[in-house]
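What follows is a set of notes on a single structure, which appears directly below.
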Amino acid sequence: MRRIHLSRAEIGEVEERYVLDALRSGWIAPLGPHVDAFEAEIAGRCGVAGALALSSGTAALHLALLDAGAGPGTVVPVSTLTFAASVNAVAYTGAQPVLIDAQESDGNLDVDLVLEAVDTLRGEGAVVPVVVAVDLFGRCADYSRLEPGLAERGVKLVEDAAEALGASHGGRPAGGFGRSAALSFNGNKILTTSGGGMLLSNDEALLARGRYLATQARQPVPWYEHTEVGFNYRMSNILAALGRGQLERLDDMIARRREIRDLYDKHLTGVSGIRVLGRGGTDRDEDDNCWLTTIVVEGPDRDPTEHQTVADSIVGALNTAEIEARHVWKPMHLQPVHRHHRAFLTGASERLFERGVTLPSGVGLTDADVLRVIDAVTAHLEGVR
Ligand SMILES: *Cc1c(COP(=O)(O)O)cnc(C)c1O
């Protein structure tokens, strides 16, 4: 049986055309016209003044945090339910990450909790320059409440929009919130350059300083002159060309992921014992980019202690059926590398980790593939009921 993958990159004829152009143009030594054009196109798409193409989303977060004043002697509240990069980038700066729990409905940052954390930390005399909010699985955090709450407190916001290109919140595109935002174009993200990222901001000075730091902090003189330690963080012209090809197809790719989400929703919402993350109740997901669809095992018809066993067994059963499925991000406060950090917790992210299963969501899936996944999930649930 053909294996169904979680989120495979689809590279088409448009991408081939762009990359070939980059190769033939002679712009191999890393920067070039595709980098400038890719930056302008993404900035336009995300409704920000400018963008800086980088080697990874992690690099973008690192530069965003340095700009926002994260460093030794400061503390930075950050979502605990995320990929390690969000918290690693805080650690690179020498700041202390403080891990903040999620809201149960969609796994995004618990806004009341993070504001309470800022007040508590400040009350203890800590310096809290910035908060990092992650847009989980392609859905924006609740910026309608987070932005004013942080502004009131004079705390900056960095948006980790690595998973959220093409999503929006309250009519504003992901990547446009906060003082700056980071995108990722890693291999399984909704738009890929095989590896890459971008720093977005409305502040030209921030971007200019980021550009300088990302090119080894080289001074603008005719020889190699450096007055501080920089980084090698720029994106190459060839990868930017690939990104431009992908960007031409972004709307189609999001539309396909949404169809896949709708198909899962149609067949799995209402199945007793599970819900589709971010769907149902008062939740809306029309603003998601639908990067990954996740189901959560729950319901009163089962002892809560069994939810995790059931989620584990779904992942196992799908893998046996040649279907790649994954657990939700393991929260950072449970990770050996980050568990010593201070945390403000409600239990929500742990429950989502224990009970969540991320289903195949790539644009290359056919409806028949998705139905095969749905059948495997429902058949397995019948068996364990
Ligand atoms: C992928 C990802 C990153 C890191 O991006 P890279 O391009 O892999 O460095 C950061 N944060 C989140 C939430 C991500 O999913």
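The backbone N, Cα and C atoms fix where each Cβ goes, and this holds for glycine too.
TrEMBL annotations: computationally assigned, not manually curated.
DSSP classifies Lys189 (active site, proton acceptor) as coil under the three-state reduction. All protein chains included, Lys189 (active site, proton acceptor) registers 24 other Cβ atoms within 10 Å of its own Cβ. The annotation active site, proton acceptor is assigned in TrEMBL to Lys189.
If you look up TrEMBL, you'll see Lys189 marked as N6-(pyridoxal phosphate)lysine.
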